[in-house]
Amino acid sequence: MTLHRAISPAVAVRRLSRAFGDRPVLHDITLNIPSGQFVALLGESGSGKTTLLRALAGLDDDARQSGSYSVPKNVSVLFQDARLLPWLSVIDNLTLGLRRQDAVQAAQSMLDSVGIGDKARAYPATLSGGQKQRAALARSLLRNPDLLLADEPFGALDALTRLKMHDLLLRLVERSRPTIVLVTHDVDEAVLLADRILVLRDGVIAEDHRVTVPHPRRPSHPDFEDLRRRLLRSLGVETEHI
């Protein structure tokens, strides 16, 4: 008989509840995310998706919390706001806090990969919104994270730039296959990117969908459209005329 060792999930959440003051937000969440899986969190505003992501990131010290969770040691967080320090150049933003000897060379290579290698010595105020978010993505991936937590990172971008960022993210993460948790309000974005989609409702995981649409994904694919409609209905959106 062959014995197989159980593989621990990259993210393990056990009966996690979270509240702010007297306002409960998460209720008894239990969740396993395997290593390398891309998970999207969908839900209406106030459903708890950002609170769950911030819990995994170890943020919000003022929250009352019960239960437990475990994540890898090497975690990067990507926000909707690029959060670049305005007094530092782009490349200095990327290398801040890095101790590796090849930090500058690696940062330049990553900026080249995201298409803004020529902006390395520029300051954030001179960048467009899309360029800032490319720099933020480069900063997150430069640290070779085992877990990337992304809170609506493309929400403030125009539609064309957002599509370019989707393609860029998929190409970059294919190299290292980090585990990814993405918070988004965009159903199409979730279906385009994720391996798995969780729908949060009133602080609980109400639905868990595996995305089986083949890559490269196209909204015209019947399976894409079917899942999109099911997700929209679960979010309370009538799909008859969509």
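Using N, Cα and C of the backbone, Cβ positions are placed for all residues, glycine too.
Computed from a predicted structure; not experimentally measured.
Sequence-distant neighbours of Gly46 (ATP binding site): no residue of the same chain at least 6 apart has a C-beta under 8 Å from its C-beta. Reduced to three states, the DSSP call for Gly46 (ATP binding site) is coil. Here Swiss-Prot flags Gly43, Glu44, Ser45, Gly46, Ser47, Gly48, Lys49, Thr50 as ATP binding site, drawing on sequence analysis.
Positions annotated as domain 'ABC transporter' by Swiss-Prot, on the basis of sequence analysis: 11-227.
Here the binding-site residues are Ser45, Ser47, Thr50, and the one ringed by the most other CB atoms within 10 angstroms is Ser47.
The number of other Cβ atoms within 10 Å of the Cβ belonging to Gly43 (ATP binding site), over all protein chains shown, comes to 25. The C-beta environment of Glu44 (ATP binding site), restricted to residues of the same chain at least 6 apart in sequence and closer than 8 Å, consists of Arg201, Leu235, Gly236. Mean model confidence of the domain 'ABC transporter' (11-227) amounts to 94 (pLDDT, 0 to 100 scale). Long-range Cβ neighbours of Gly48 (ATP binding site) (same chain, at least 6 residues apart, Cβ-Cβ under 8 Å): Arg18, Val25, Leu26, Leu200, Asp202, Gly203, Val204.
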